[in-house]
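**Q** One structure coming up, written as C-alpha coordinates, with questions to follow.
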Amino acid sequence: MILPGSTEMKSQLASHFDLEPSAAIFKETQKIYDRADRVIPEADWLRYAPYVKAINELKKEKDAVILAHNYMTPQIFHGVADFVGDSLQLAIEATKVKEQVIVQCGVHFMAETSKILSPEKTVLIPDSKAGCSLAESITAKDIEGMRAKYPGAPVVSYVNTTAEVKAASDICCTSSNAVDIVNSMDSDLVIMTPDGHLAQNVAKETKKKIVYWEGECMVHIEFKADELREYRKYEPDAVIIAHPECPVDVVAEADFSGSTAGMINYVKENKPEKVLLVTECSMGSNIADEVPEVHFLGPCNLCPHMQKITLEKILWSLHTMTEEVIVDPDMAVKARLAVQRMIDRK
Ligand code: 13P
Ligand code: SF4
(Lines of atoms letter the chains of each structure in order from A and count residues from 1; the text may use other names and numbers.)
(Lines give C-alpha, C1' and ligand atoms only; values in the text may rest on other atoms or scores of the structure.)
(Ligands and ions follow the chains in the order given, each with its own letter.)
Protein backbone atom coordinates (compact mmCIF):
# COMPACT_ATOMS: atom_id res chain seq x y z
CA MET A 1 0.00 0.00 0.00
CA ILE A 2 1.33 3.44 -0.93
CA LEU A 3 1.18 5.78 2.06
CA PRO A 4 -0.02 9.37 1.71
CA GLY A 5 3.01 11.68 1.73
CA SER A 6 5.48 8.90 0.79
CA THR A 7 8.14 9.19 -1.93
CA GLU A 8 6.25 6.56 -3.91
CA MET A 9 3.09 8.69 -3.76
CA LYS A 10 5.05 11.70 -5.05
CA SER A 11 6.55 9.82 -7.97
CA GLN A 12 3.20 8.26 -8.96
CA LEU A 13 1.58 11.70 -8.89
CA ALA A 14 4.37 13.14 -11.02
CA SER A 15 3.84 10.44 -13.64
CA HIS A 16 0.07 11.07 -13.84
CA PHE A 17 -0.18 14.85 -13.62
CA ASP A 18 1.68 17.86 -14.93
CA LEU A 19 2.99 19.16 -11.62
CA GLU A 20 5.96 21.16 -12.91
CA PRO A 21 5.82 24.83 -11.84
CA SER A 22 5.08 26.98 -14.90
CA ALA A 23 4.21 30.59 -15.68
CA ALA A 24 1.26 29.38 -17.79
CA ILE A 25 -0.38 27.49 -14.90
CA PHE A 26 0.35 30.41 -12.57
CA LYS A 27 -1.55 32.66 -15.00
CA GLU A 28 -4.44 30.20 -15.29
CA THR A 29 -4.85 30.21 -11.49
CA GLN A 30 -4.17 33.94 -11.03
CA LYS A 31 -7.75 34.70 -9.87
CA ILE A 32 -7.47 32.11 -7.09
CA TYR A 33 -4.03 33.39 -6.13
CA ASP A 34 -5.40 36.94 -5.80
CA ARG A 35 -7.46 35.74 -2.82
CA ALA A 36 -4.34 34.82 -0.85
CA ASP A 37 -1.47 36.84 -2.29
CA ARG A 38 -0.97 38.74 0.97
CA VAL A 39 0.11 35.56 2.71
CA ILE A 40 1.40 33.22 -0.04
CA PRO A 41 4.63 34.38 -1.74
CA GLU A 42 4.63 34.11 -5.57
CA ALA A 43 7.43 31.56 -5.50
CA ASP A 44 5.28 29.27 -3.35
CA TRP A 45 2.18 29.74 -5.51
CA LEU A 46 4.23 28.75 -8.54
CA ARG A 47 4.67 25.34 -6.87
CA TYR A 48 1.09 25.07 -5.57
CA ALA A 49 -0.67 26.14 -8.78
CA PRO A 50 -0.25 22.83 -10.69
CA TYR A 51 -1.75 20.94 -7.74
CA VAL A 52 -4.61 23.41 -7.42
CA LYS A 53 -5.39 23.04 -11.13
CA ALA A 54 -5.17 19.23 -11.07
CA ILE A 55 -7.34 18.93 -7.94
CA ASN A 56 -10.02 21.27 -9.27
CA GLU A 57 -10.19 19.32 -12.54
CA LEU A 58 -10.27 15.96 -10.78
CA LYS A 59 -13.09 17.08 -8.47
CA LYS A 60 -15.37 17.53 -11.49
CA GLU A 61 -14.32 14.20 -13.00
CA LYS A 62 -14.97 12.30 -9.75
CA ASP A 63 -18.16 14.17 -8.75
CA ALA A 64 -16.41 15.29 -5.58
CA VAL A 65 -16.74 18.24 -3.22
CA ILE A 66 -14.10 19.48 -0.79
CA LEU A 67 -15.26 20.48 2.69
CA ALA A 68 -12.42 22.26 4.49
CA HIS A 69 -12.02 23.38 8.08
CA ASN A 70 -10.98 26.95 8.89
CA TYR A 71 -7.56 25.64 10.05
CA MET A 72 -6.51 24.42 6.61
CA THR A 73 -3.55 26.19 5.01
CA PRO A 74 -4.39 29.18 2.73
CA GLN A 75 -3.52 27.19 -0.43
CA ILE A 76 -6.19 24.61 0.52
CA PHE A 77 -8.67 27.10 2.01
CA HIS A 78 -8.61 29.40 -1.04
CA GLY A 79 -7.22 27.08 -3.71
CA VAL A 80 -9.39 23.97 -3.71
CA ALA A 81 -12.10 24.10 -1.01
CA ASP A 82 -15.73 24.29 -2.14
CA PHE A 83 -16.99 25.01 1.33
CA VAL A 84 -15.08 26.26 4.38
CA GLY A 85 -16.28 26.59 7.95
CA ASP A 86 -16.18 25.60 11.59
CA SER A 87 -17.15 22.12 12.80
CA LEU A 88 -20.87 22.90 12.96
CA GLN A 89 -20.98 24.48 9.50
CA LEU A 90 -19.08 21.53 7.99
CA ALA A 91 -21.45 19.03 9.64
CA ILE A 92 -24.49 20.87 8.32
CA GLU A 93 -22.97 21.18 4.84
CA ALA A 94 -22.30 17.42 4.78
CA THR A 95 -26.07 16.84 4.95
CA LYS A 96 -26.67 19.08 1.91
CA VAL A 97 -23.99 18.34 -0.69
CA LYS A 98 -25.16 16.94 -4.04
CA GLU A 99 -21.86 15.34 -5.05
CA GLN A 100 -21.31 11.61 -4.47
CA VAL A 101 -17.83 12.03 -2.99
CA ILE A 102 -16.88 14.22 -0.02
CA VAL A 103 -13.18 14.94 0.51
CA GLN A 104 -12.88 16.13 4.09
CA CYS A 105 -9.96 18.47 4.59
CA GLY A 106 -9.74 18.51 8.34
CA VAL A 107 -9.15 15.91 11.02
CA HIS A 108 -10.53 12.39 11.24
CA PHE A 109 -13.51 13.10 13.53
CA MET A 110 -14.75 15.67 10.99
CA ALA A 111 -14.63 13.11 8.17
CA GLU A 112 -16.37 10.57 10.39
CA THR A 113 -19.10 13.12 11.17
CA SER A 114 -19.67 13.63 7.44
CA LYS A 115 -19.89 9.85 6.91
CA ILE A 116 -22.33 9.51 9.84
CA LEU A 117 -24.55 12.20 8.32
CA SER A 118 -24.21 11.00 4.72
CA PRO A 119 -23.78 7.21 4.92
CA GLU A 120 -24.62 6.79 1.23
CA LYS A 121 -21.70 9.00 0.15
CA THR A 122 -18.06 8.10 -0.26
CA VAL A 123 -16.14 10.13 2.32
CA LEU A 124 -12.39 10.46 1.84
CA ILE A 125 -9.76 11.92 4.13
CA PRO A 126 -6.36 12.75 2.58
CA ASP A 127 -4.51 11.47 5.67
CA SER A 128 -6.33 9.26 8.15
CA LYS A 129 -3.60 9.90 10.72
CA ALA A 130 -4.88 13.46 11.13
CA GLY A 131 -6.31 12.88 14.61
CA CYS A 132 -7.22 15.13 17.53
CA SER A 133 -5.99 15.11 21.13
CA LEU A 134 -9.56 15.62 22.35
CA ALA A 135 -11.06 12.79 20.30
CA GLU A 136 -8.28 10.49 21.49
CA SER A 137 -8.83 11.33 25.17
CA ILE A 138 -12.07 9.42 25.69
CA THR A 139 -13.82 6.13 24.84
CA ALA A 140 -17.44 4.94 24.97
CA LYS A 141 -16.53 3.03 28.15
CA ASP A 142 -15.45 6.30 29.76
CA ILE A 143 -18.86 7.78 28.90
CA GLU A 144 -20.52 4.84 30.65
CA GLY A 145 -18.28 5.54 33.66
CA MET A 146 -19.45 9.17 33.74
CA ARG A 147 -23.09 8.05 33.51
CA ALA A 148 -22.56 5.67 36.44
CA LYS A 149 -21.01 8.48 38.49
CA TYR A 150 -23.78 10.96 37.71
CA PRO A 151 -26.93 8.87 37.16
CA GLY A 152 -29.63 10.51 35.06
CA ALA A 153 -27.45 13.42 33.88
CA PRO A 154 -27.46 13.85 30.08
CA VAL A 155 -24.16 13.55 28.21
CA VAL A 156 -23.28 16.41 25.85
CA SER A 157 -20.23 15.47 23.78
CA TYR A 158 -18.21 17.86 21.68
CA VAL A 159 -18.12 16.83 18.00
CA ASN A 160 -14.36 16.39 18.52
CA THR A 161 -15.03 12.73 19.40
CA THR A 162 -15.03 9.37 17.65
CA ALA A 163 -18.24 7.83 16.28
CA GLU A 164 -18.29 5.35 19.18
CA VAL A 165 -18.27 8.20 21.74
CA LYS A 166 -20.95 10.11 19.83
CA ALA A 167 -23.05 6.93 19.77
CA ALA A 168 -22.73 6.65 23.57
CA SER A 169 -23.75 10.32 24.11
CA ASP A 170 -27.18 11.94 24.22
CA ILE A 171 -26.35 14.91 22.04
CA CYS A 172 -23.34 16.59 20.44
CA CYS A 173 -22.27 20.21 20.55
CA THR A 174 -19.64 22.36 18.89
CA SER A 175 -17.84 25.42 20.18
CA SER A 176 -20.43 27.63 18.46
CA ASN A 177 -23.53 26.12 20.09
CA ALA A 178 -22.26 24.54 23.34
CA VAL A 179 -24.00 27.03 25.68
CA ASP A 180 -27.34 26.73 23.83
CA ILE A 181 -27.17 22.93 23.74
CA VAL A 182 -26.38 22.74 27.47
CA ASN A 183 -29.21 25.18 28.27
CA SER A 184 -31.62 23.06 26.23
CA MET A 185 -31.00 19.98 28.40
CA ASP A 186 -33.90 18.90 30.58
CA SER A 187 -31.71 18.52 33.69
CA ASP A 188 -29.93 20.80 36.14
CA LEU A 189 -26.82 18.62 35.98
CA VAL A 190 -25.10 18.12 32.62
CA ILE A 191 -22.08 15.96 31.77
CA MET A 192 -19.79 17.54 29.16
CA THR A 193 -17.08 15.59 27.35
CA PRO A 194 -14.30 15.48 26.35
CA ASP A 195 -12.98 19.07 26.56
CA GLY A 196 -12.59 20.16 30.18
CA HIS A 197 -11.71 23.71 29.17
CA LEU A 198 -14.70 24.16 26.88
CA ALA A 199 -16.86 22.76 29.71
CA GLN A 200 -15.46 25.26 32.23
CA ASN A 201 -15.95 28.11 29.77
CA VAL A 202 -19.55 27.02 29.18
CA ALA A 203 -20.10 26.71 32.96
CA LYS A 204 -19.42 30.45 33.26
CA GLU A 205 -22.31 31.18 30.90
CA THR A 206 -25.02 28.84 32.14
CA LYS A 207 -27.01 28.23 35.32
CA LYS A 208 -26.67 24.44 34.85
CA LYS A 209 -24.19 22.55 36.98
CA ILE A 210 -21.55 21.11 34.67
CA VAL A 211 -19.41 18.07 35.38
CA TYR A 212 -16.81 17.24 32.80
CA TRP A 213 -14.18 14.91 31.36
CA GLU A 214 -10.67 16.34 31.60
CA GLY A 215 -9.63 16.16 27.94
CA GLU A 216 -7.57 18.96 26.39
CA CYS A 217 -6.78 20.37 22.99
CA MET A 218 -3.00 20.12 22.66
CA VAL A 219 -2.94 23.36 20.65
CA HIS A 220 -5.13 25.63 22.75
CA ILE A 221 -3.67 24.64 26.14
CA GLU A 222 -0.37 26.12 24.95
CA PHE A 223 -1.77 29.65 25.20
CA LYS A 224 -1.12 31.29 28.57
CA ALA A 225 -2.93 34.16 30.29
CA ASP A 226 0.44 35.74 31.21
CA GLU A 227 1.45 35.81 27.57
CA LEU A 228 -1.77 37.68 26.67
CA ARG A 229 -1.23 40.17 29.48
CA GLU A 230 2.25 40.84 28.04
CA TYR A 231 0.72 41.52 24.61
CA ARG A 232 -1.78 43.91 26.23
CA LYS A 233 1.05 45.79 27.87
CA TYR A 234 2.87 46.39 24.58
CA GLU A 235 -0.18 46.53 22.29
CA PRO A 236 -2.93 48.10 24.45
CA ASP A 237 -5.17 48.72 21.40
CA ALA A 238 -5.08 45.14 20.16
CA VAL A 239 -8.31 43.16 20.31
CA ILE A 240 -7.87 39.67 21.76
CA ILE A 241 -10.12 36.88 20.46
CA ALA A 242 -9.83 33.41 21.97
CA HIS A 243 -11.25 30.01 21.08
CA PRO A 244 -13.24 28.41 23.95
CA GLU A 245 -10.92 25.36 23.93
CA CYS A 246 -8.41 27.69 25.68
CA PRO A 247 -8.15 27.52 29.48
CA VAL A 248 -10.64 29.68 31.41
CA ASP A 249 -8.00 32.22 32.52
CA VAL A 250 -6.95 32.69 28.88
CA VAL A 251 -10.54 33.25 27.72
CA ALA A 252 -10.97 35.69 30.64
CA GLU A 253 -8.23 37.88 29.11
CA ALA A 254 -10.03 37.99 25.74
CA ASP A 255 -12.41 40.63 24.41
CA PHE A 256 -14.38 37.99 22.53
CA SER A 257 -14.57 34.20 22.48
CA GLY A 258 -16.20 32.07 19.79
CA SER A 259 -15.89 29.16 17.39
CA THR A 260 -13.45 29.48 14.50
CA ALA A 261 -16.29 30.85 12.33
CA GLY A 262 -17.37 33.18 15.16
CA MET A 263 -13.82 34.51 15.41
CA ILE A 264 -13.61 35.07 11.65
CA ASN A 265 -16.96 36.88 11.59
CA TYR A 266 -15.90 39.08 14.49
CA VAL A 267 -12.78 40.21 12.60
CA LYS A 268 -14.65 40.77 9.32
CA GLU A 269 -17.43 42.74 10.99
CA ASN A 270 -15.38 44.81 13.45
CA LYS A 271 -12.15 45.16 11.45
CA PRO A 272 -9.97 45.91 14.50
CA GLU A 273 -6.72 47.62 13.57
CA LYS A 274 -4.74 45.02 15.49
CA VAL A 275 -5.93 41.60 16.53
CA LEU A 276 -4.63 38.55 18.34
CA LEU A 277 -6.36 35.36 17.22
CA VAL A 278 -5.72 32.99 20.11
CA THR A 279 -6.15 29.81 18.12
CA GLU A 280 -4.49 27.80 15.34
CA CYS A 281 -2.48 30.28 13.26
CA SER A 282 -3.72 29.33 9.78
CA MET A 283 -6.92 31.23 10.58
CA GLY A 284 -5.30 34.67 10.40
CA SER A 285 -3.60 33.78 7.12
CA ASN A 286 -6.88 32.59 5.61
CA ILE A 287 -8.69 35.87 6.13
CA ALA A 288 -5.76 38.29 5.82
CA ASP A 289 -6.54 39.21 2.19
CA GLU A 290 -10.19 39.97 2.92
CA VAL A 291 -9.34 42.43 5.70
CA PRO A 292 -6.17 44.22 4.54
CA GLU A 293 -6.70 46.94 7.17
CA VAL A 294 -6.30 44.41 10.02
CA HIS A 295 -2.88 43.56 11.45
CA PHE A 296 -2.63 40.06 12.84
CA LEU A 297 -0.26 39.85 15.80
CA GLY A 298 0.97 36.59 17.35
CA PRO A 299 0.77 34.24 19.17
CA CYS A 300 0.90 31.33 16.78
CA ASN A 301 0.37 27.62 17.45
CA LEU A 302 -0.15 25.12 14.66
CA CYS A 303 -2.25 21.96 15.00
CA PRO A 304 0.04 19.12 13.87
CA HIS A 305 -3.02 17.05 12.91
CA MET A 306 -4.61 19.69 10.70
CA GLN A 307 -1.20 20.34 9.12
CA LYS A 308 -1.09 16.72 7.91
CA ILE A 309 -3.55 17.65 5.17
CA THR A 310 -1.64 18.96 2.14
CA LEU A 311 -2.37 19.68 -1.53
CA GLU A 312 -0.29 16.65 -2.52
CA LYS A 313 -2.31 14.33 -0.29
CA ILE A 314 -5.61 15.79 -1.50
CA LEU A 315 -4.61 15.11 -5.10
CA TRP A 316 -3.54 11.58 -4.18
CA SER A 317 -6.78 11.02 -2.29
CA LEU A 318 -8.90 11.99 -5.31
CA HIS A 319 -6.67 10.15 -7.78
CA THR A 320 -6.81 6.85 -5.85
CA MET A 321 -10.14 7.41 -4.03
CA THR A 322 -8.41 6.80 -0.70
CA GLU A 323 -8.51 6.89 2.34
CA GLU A 324 -12.17 6.01 2.58
CA VAL A 325 -13.80 6.62 5.96
CA ILE A 326 -15.84 3.63 7.11
CA VAL A 327 -18.17 3.71 10.13
CA ASP A 328 -19.94 0.60 11.38
CA PRO A 329 -23.56 1.10 10.16
CA ASP A 330 -25.20 0.28 13.54
CA MET A 331 -22.87 2.63 15.36
CA ALA A 332 -23.42 5.28 12.68
CA VAL A 333 -27.18 5.19 13.29
CA LYS A 334 -26.68 5.85 17.03
CA ALA A 335 -24.00 8.49 16.46
CA ARG A 336 -26.19 10.19 13.88
CA LEU A 337 -28.97 10.60 16.45
CA ALA A 338 -26.61 12.60 18.72
CA VAL A 339 -25.35 14.78 15.85
CA GLN A 340 -28.79 15.27 14.31
CA ARG A 341 -30.28 16.31 17.68
CA MET A 342 -27.62 19.02 17.79
CA ILE A 343 -28.33 20.19 14.23
CA ASP A 344 -32.07 20.22 14.88
CA ARG A 345 -31.63 22.45 17.96
CA LYS A 346 -29.62 24.99 15.98
P1 13P B 1 -14.53 24.89 15.60
O2 13P B 1 -15.78 24.11 15.72
O3 13P B 1 -14.59 26.20 16.34
O4 13P B 1 -14.17 25.07 14.17
O5 13P B 1 -13.36 24.11 16.34
C6 13P B 1 -12.88 22.87 15.92
C7 13P B 1 -11.55 22.60 16.41
O8 13P B 1 -11.04 21.53 16.29
C9 13P B 1 -10.86 23.68 17.07
O10 13P B 1 -9.67 23.24 17.59
FE1 SF4 C 1 -8.08 18.71 17.92
FE2 SF4 C 1 -7.00 20.86 18.99
FE3 SF4 C 1 -6.23 20.11 16.56
FE4 SF4 C 1 -8.69 21.15 16.96
S5 SF4 C 1 -6.73 22.18 17.19
S6 SF4 C 1 -8.18 19.32 15.78
S7 SF4 C 1 -9.17 20.33 19.00
S8 SF4 C 1 -5.94 18.95 18.46
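Glycine residues also receive a Cβ, built from the backbone N, Cα and C atoms like all the rest.
Since the structure is predicted, the reported quantities are computational estimates derived from the model, not experimental observations.
Pulled these from TrEMBL:
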type    : residues                                                                     : note
BINDING : His69, Ser87, Tyr158, Val159, Asn160, Ser175, His243, Pro244, Glu245, Thr260 : iminosuccinate binding site
BINDING : Cys132, Cys217, Cys303                                                       : [4Fe-4S] cluster binding site
**Q** Measuring Cα to Cα, tell me the gap between His69 (iminosuccinate binding site) and Cys303 ([4Fe-4S] cluster binding site) in whole angstrom.
**A** 12
**Q** Tell me which residues of the chain lie with their Cβ under 8 angstroms from that of Asn160 (iminosuccinate binding site), as long as they are six or more apart in sequence?
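**A** Looking at Cβ-Cβ distances below 8 Å from Asn160 (iminosuccinate binding site), excluding near sequence neighbours, one finds Ser87, Phe109, Cys132, Leu134, Ala135, Pro194, Asp195, Cys217.
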**Q** Around the [4Fe-4S] cluster site (Cys132, Cys217, Cys303), what further same-chain residues have their C-beta within 8 angstroms of the site's C-beta centre?
**A** Val107, Ser133, Leu134, Asn160, Met218, Val219, His220, Glu245, Glu280, His305, Met306
**Q** Given the binding-site residues His69, Cys132, Cys217, Cys303, return the subset with CB under 6 A from an atom of ligand 2, ordered by sequence, or none if empty.
**A** Cys132, Cys217, Cys303
**Q** I'd like the number of other C-beta atoms within 10 A of the C-beta of Cys217 ([4Fe-4S] cluster binding site), please.
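**A** Excluding its own Cβ, the number within 10 Å is 26.
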**Q** Who sits close to Cys303 ([4Fe-4S] cluster binding site): which same-chain residues at least 6 apart have their Cβ under 8 Å from its Cβ?
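**A** Long-range Cβ contacts: Tyr71, Val107, Met218, Val219, Glu280.
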**Q** Long-range neighbours only, meaning 6 or more apart in sequence with Cβ under 8 Å: which ones does His243 (iminosuccinate binding site) have?
**A** Ser175, His220, Ser257, Gly258, Ser259, Thr260, Met263, Val278, Thr279
